[in-house]
């Protein structure tokens, strides 16, 4: 047996084509790197990691089987061995043991490469070594399985061309079927359907933050999973299961998109949530780190990077401070630098600054340290600008930035921390705007603030045909005050106002602010649970290994008869 091993080693290392193919396949193991190092690929295409490893092992098995069991007859290597040892069974066993030894070394390399890239992302986990052992062991199982399968199939014909065709077709089928199955799978991987998934941050009085996932119109999906057999998952079940133990401690559930090419799915549990009215609540999109969770030094860095470094000069700061204490900001009299400064402060094309503006009052509440940090780093003038814009004159900013067709209006990317309740009173900012700025009574005319260069008006007589008890500005303010207790009432009033529009002038419809706590709107929360893909099933693995175990004695039996 020792001499046979030496002969196999000489044959292996002198075969340049074989060495080249093995080297290329080993180098292919580095292609798993992007699927660990890129979060999007890791979260949604992690199945491809195991598909790559599986394909490499199958091809290694095919190559080694071909060069040691098929092509040896053509190059007379088998004839040489038979003349020296005259024991075909012993020669076959020596080839198998030698190839298993070679593959053990190759598999060790593949497993180390895979585990090293995994360790770059997931460190200090007790399951890391188990993951390495699982990859190593399963690669060994896959190699042996396909070695016996290729050997068995090649024994059904004496002609080399048919042996090669059968094994090549088998290898291509084994590799291509899993990828096609995944690509064209129509299975529904969501147990809950939802829309507009958001994140609510609950801030308790002791400044402990808790995140909750909420959605509009969440409901249980009645469609059943369509589970398909997956050859890759059947083999690598243990590795994928162990990786879940590693992954679950570090993953972000918002990044798992239930892709077809992921071994993991996010299933959710709908739970009724009793919100604590003594705490504060803020709603954010999934991609943004909540501003209310920032530490003071992080807020300082954010203000510096997103506002202060944007070519702001002292003259612009002083001019804007003088402007924002006025109800109307005339864009025509401002310089380009001053216009840019207003747009920077209002968060145009900058979602994080929109959140900063929205949550500014909360951030500064009982936070003198943040105020002092801003003053010390940027100066008193800059602090006054921020606080005037975001707090002191926030109503003026609302009139000029948030009302449609205002001079500095733009569509916002962030939600308010409230929702709409038609039975609830309207927002105080809306009430102030409707009372004193939306309609103005001057002599016998009623002007409507259309946020345009020309203001649209109707005669008081025509106005009184709809609102017969209103004669002047004071009557109008009292009328709004009486109806402000209900958003539904205000909407009816606005509908009547819009009826004054004609073909020449149109009263722009205003979008009122939300007027109810998000905790009244969102009664349920979604608790995400990371689960294995339905195609990962231990029964599939058991059945697969059972089928393969049948091929081994059949192959051995044919080798004893000299048919291999």
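Note: Cβ is positioned from N, Cα and C throughout, glycine not excepted.
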Exercise. Among 96-122, 204-230, indicate the range for which TrEMBL gives the feature transmembrane segment.
Key: 96-122
Practice problem: State the residue range annotated as transmembrane segment by TrEMBL; the candidates are 47-69, 70-92, 231-253. | Solution: 47-69
Self-check item: Top partner of the transmembrane segment (128-153) among 47-69, 165-184, 538-557 - counted as Cβ pairs under 8 Å
Solution: 47-69
Quiz item: In terms of Cβ proximity under 8 Å, which residues at least six beyond the ends of the transmembrane segment (47-69) contact it?
Solution: 8, 11, 15, 17-18, 21-22, 25-26, 28-29, 31-32, 35-36, 41, 95, 98-99, 102-103, 106-107, 110, 114, 135, 139, 142-143, 146-147, 150-151, 154, 164, 167-168, 171, 174-175, 178-179, 182, 231-233, 235-236, 239-240, 261-263, 533, 564
